[in-house]
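Data first, discussion second: the structure below is written as structure tokens.
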Amino acid sequence: MSHLTTCLVFFLLAFVTYTNASGVFEVHNNCPYTVWAAATPIGGGRRLERGQSWWFWAPPGTKMARIWGRTNCNFDGAGRGWCETGDCGGVLECKGWGKPPNTLAEYALNQFSNLDFWDISVIDGFNIPMSFGPTNPGPGKCHPIQCVANINGECPGSLRVPGGCNNPCTTFGGQQYCCTQGPCGPTDLSRFFKQRCPDAYSYPQDDPTSTFTCQSWTTDYKVMFCPYGSTHNETTNFPLEMPTSTLELA
């Protein structure tokens, strides 16, 4: 067997293993503008034009993980620059969390009872409409969710910032909004987010209606920015057909 043939065989075997392993994440941009996707602690960052996808694998046990989109970015050839929303220290390849406001997809894989835990959160505010969920839905709370309301357009004046809508914890801080010193409840400002995105975390102790689970080892996930192809959409129906994407491997 020639060296070229051997390399090709190993590449195909690796690709088949990669694409058939659970914990594969696809991040797809369906927005009519460029989104600079970010993911930590696994992934880093990737520029996505409309219709492009970025794929990466997160191993079992990954936790405190998040995926988000950055907007209005400008990076040089070395990957240094700045983003109006979601900036992560001025680099393309994120190592830390993004600066609010940024709509978040959060996950922890293979945790208690061999379950994956995941959610959409607007605790760091909102910048881009998002859907998130398993590509192979299962029983119970193992199904796609979304946050696609016109939050930027309807944002209260006290929370409005360039490119997005801040959460009250970011803007005002304190126990009332951030729950830093024990139990707390929803506020009028957190209800603004909850009424528009009922499946999303709207304040730090919003667990009962906002945490979703799937069986570990058998589930892959997809995050989509602007799932309806526009900056917002009031409909509550999750799309049955996912757009054709351009594949990019991490």
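Note that Cβ sites are derived from N, Cα and C of the backbone, with glycine treated the same way.
According to TrEMBL, the features are:
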- 1-21: signal peptide (SIGNAL)
- Cys31-Cys226: disulfide bond (DISULFID)
- Cys73-Cys83: disulfide bond (DISULFID)
- Cys88-Cys94: disulfide bond (DISULFID)
- Cys142-Cys214: disulfide bond (DISULFID)
- Cys147-Cys197: disulfide bond (DISULFID)
- Cys155-Cys165: disulfide bond (DISULFID)
- Cys169-Cys178: disulfide bond (DISULFID)
- Cys179-Cys184: disulfide bond (DISULFID)
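Everything TrEMBL records as a feature, shown here on the structure.
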| residue | record | CB count, 10 Å |
| --- | --- | --- |
| Cys31 | disulfide bond | 23 |
| Cys88 | disulfide bond | 22 |
| Cys142 | disulfide bond | 19 |
| Cys155 | disulfide bond | 19 |
| Cys169 | disulfide bond | 22 |
| Cys179 | disulfide bond | 17 |
| Cys184 | disulfide bond | 17 |
| Cys197 | disulfide bond | 24 |
| Cys214 | disulfide bond | 26 |
| Cys226 | disulfide bond | 23 |
> Here are the disulfide-bonded residues: Cys94, Cys147, Cys165, Cys178. Which has the lowest count of other Cβ atoms within 10 Å?
Replying inline: Cys178
> Which of the disulfide-bonded residues Cys83, Cys184, Cys214 has its Cα nearest to the Cα of Cys165 (disulfide bond)?
Replying inline: Cys83
>> With the cut-off set at 10 Å between Cβ atoms, which of these disulfide-bonded residues ends up with the most neighbours? Options: Cys73, Cys83.
In response: Cys83
> Where the distance is taken from Cα to Cα, which of the disulfide-bonded residues Cys169, Cys178, Cys184, Cys197, Cys226 turns out closest to Cys88 (disulfide bond)?
Replying inline: Cys169
> What's the CA-CA gap between Cys73 (disulfide bond) and Cys155 (disulfide bond) in angstrom, rounded?
Replying inline: 22
>> Going by Cα-Cα distance, which of the disulfide-bonded residues (Cys147, Cys214, Cys226) sits nearest to Cys155 (disulfide bond)?
In response: Cys147
> Closest of the disulfide-bonded residues to Cys226 (disulfide bond), Cα to Cα, picking from Cys94, Cys142, Cys147, Cys178, Cys214?
Replying inline: Cys147
>> If I take the alpha carbons of Cys184 (disulfide bond) and Cys142 (disulfide bond), what is the distance between them in whole Å?
In response: 27
> To the nearest whole angstrom, what is the C-alpha distance linking Cys31 (disulfide bond) and Cys147 (disulfide bond)?
Replying inline: 14
> Cys214 (disulfide bond) to Cys197 (disulfide bond): how many Å between their Cα atoms?
Replying inline: 21
>> Please identify, among the disulfide-bonded residues Cys83, Cys94, Cys179, Cys197, the one with the smallest Cα-Cα distance to Cys142 (disulfide bond).
In response: Cys197
>> Which disulfide-bonded residues are spatial neighbours of Cys169 (disulfide bond) here, meaning Cα within 10 Å, out of Cys83, Cys94, Cys147, Cys179?
In response: Cys179
>> Between Cys83 (disulfide bond) and Cys94 (disulfide bond), how many Å separate their Cα atoms?
In response: 12
